[in-house]
Amino acid sequence: MNNSYIDEPMLEAYVYETSQIIETLEQLMIQSEKIGTFSMDAINEIFRFMHTIKGSSAMMMFNEISTLAHKIEDIFYVIRENQAIRYDFSTLVDCILESIDYYKIELIKIRNGETPDGDTASLTEKVNDYLEVLKDENGLEKIKKEVGTKTEADQKYYIRPSNKEDQAKYYKAKIRFKKDCEMENIRAYTVIHNIVDLVEEVLYKPSDIIDNDQTIEDIRTNGFLMAIRSTSSEEDIKKYLEKTVFLESLDFEKAELEWFKEFEVIYQDQEMSEEIKIPETSKKYIESQKIKKEKEDTKQEVTATTTQSIISVNVDKLDMLMDMVGELVIAEAMVSQNPEVVRLEIESFEKASRQLHKISSELQDMVMAIRMVALSTTFMKMHRIVRDMTRKLSKDVVLDVYGEETEVDKNIIEKIADPLMHIIRNAIDHGIEDAEERLTKGKSKEGSIILEAKNSGSDVLIIIKDDGKGLDKQKIYEKAYNLGLIYQSIEDMNDKDIYRLILHPGFSMKEQVTEFSGRGVGMDVVAKNIESIGGSVIVDSVFGKGTTIILKIPLTLAIIEGMNIKVGESRFTIPIVSVKESFRPGNKEIIKDPDGNEMIMVRGLCYPIVKLYEHYGLKTDVDDYEKGILIMVEEDDRSCCLFADELLGQQQVVVKSLPNYIRRYKQVKGLGGCTLLGDGSISLILDVGEFELSNVHDK
């Protein structure tokens, strides 16, 4: 890769575009495999995808990537042009998916600043062999992409005009590339693409270098001819052309105006008669460069013919913006809650404070909306996992997806792909039985995995449910006991606690190590990754019927609306979406269950009570229910009442993660993070789901 040709924005654009193409292509493969053939629309789409990857990769000097795309493009050209052709669909899908895997690895290297040096020899050979078999079985001759015979006039192409006439000079250049450099047409386009900033006009022959592969032979035979008009120095232009990658020879000399006009007039005549077609892949770039240059040279207003409605933004900039909004929220709280200012009771200040709060809330909502990404792309990747594993394990499994339109923060979505993949793999390898075993159990031959996402307050629940063999509670207990993970008897543990044992490091129920499992590294990593983003993993199962794993993850890691409470000298914040109501109870309303646990009767229903000062070992003078306050909270239709000294009010808070010491080693339950309040004090954010909630019931 030559840095003189490739700058960072171009590289980012290439990685982004190619990644999007590969994701779409992979989905197209999975969908086509379900119906057992490629539709004509799919064939055309794949051909265009390969053509785009071929051209952009060659322009970026990623030759291995480009060559492989070119070979696959040839296959789909043959299929497209011969609609009655017979081809091995399954083998072709395998080839393309293997190529997609190769592209993914290379893109990761490029993203990390490494050279994409993966060896495609075996993969290219496989694609070539497929193409040869395809031609032999269908009696086809050598591939020939007919694009029509080009006239001499058609070989002139005008890229970018300028209104700047003063002191322009004219040059003639002919480039010859080294033998066997391959894809000379794409290399020629790279020269044109990068010389734009040095010249006012450039005409070149042959013109259709992107859309016509036959120009390769023309360039090899006659060279690549350019007519240049520029105000840059002759030395600068020549030095630039001499840096051309794979340059064999360069003929460069000054030209007369008359010669340039003769070269140009043919193009202009063709433009007037609309006989010249600008390659689609060049139009957007040419138009943008034309507008840019005219603005610089003439200082005139230039209006683009089309409006760009979507732009891509580096996620680091969004992270910085989110941090700034978070600081704004804290600053707004510090101003509006400043005791010295509040005591003054200035009406105009209160009005301005309310307006500031309104604006900061709207700004926060907008930034949050920008960061939200649908789970659809992540969910679609799971189809590929299921497809590959079922083939290797000879199992028949169907994946059903629901709620893929659910949105979460982009930073979170990047953290859940690997855990989700591991759970799906576990379900197929550990859970789903083979066809014979399922039939003997009275189940359908096909195993079922349901992947579902849904909103639950300020969280998103991702549910993975299979209809496999389920978890054997007794075996899990025995394995954990033998590993020294637990010491109590099975009677003293509830099902939830036993199932959670599979999340311990080194725990595996698989006796034999396979490609997919049995190494004792897996579900603990899932739990660790989910907990690192403030989420949790819930495991439930019915032996013989299946297992359900729920990933509870926050919508965002940034800002929440919270209710601040006080317990002794400590402050806590409860996410407002979890708060149902607050009230001051009478001592007569407190009742006890058979185990002696205190509960309260509200409108005929009983709710368990959690005294926060007892739960966290805090000192407080408020231990009488009639002096404190109860806050009723709810999570997943399960509720409890938290007892605190007093309510401090509602405000937006910026969520900060807890130190590892508290989160991992102290194992303090019920804490989801911390935040800085307006007066500078620290408040701990409560995770309601970790308290002992219960389904409310009648007395």
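Glycine is no exception: its Cβ is also placed from the backbone N, Cα and C atoms.
In TrEMBL, annotation is done automatically, which means it is predicted and not curated.
According to TrEMBL, the feature domain 'HPt' maps to 3-110.
Annotation comment: TrEMBL describes 271-557 as domain 'Histidine kinase'.
Computed over the domain 'CheW-like' (559-697), the whole-number mean pLDDT of the model equals 84. The domain 'CheW-like' feature in TrEMBL is assigned to 559-697.
Annotation comment: TrEMBL describes His51 as phosphohistidine. Shown in sequence order, Ala69, Glu73 are the residues of the chain, 6+ apart in sequence, with a C-beta less than 8 angstroms from the C-beta of His51 (phosphohistidine). In three-state terms derived from DSSP, His51 (phosphohistidine) belongs to a helical segment.
Remark: secondary structure over the domain 'HPt' (3-110) totals 89 helix, 0 strand, 19 coil, with classes taken from DSSP.
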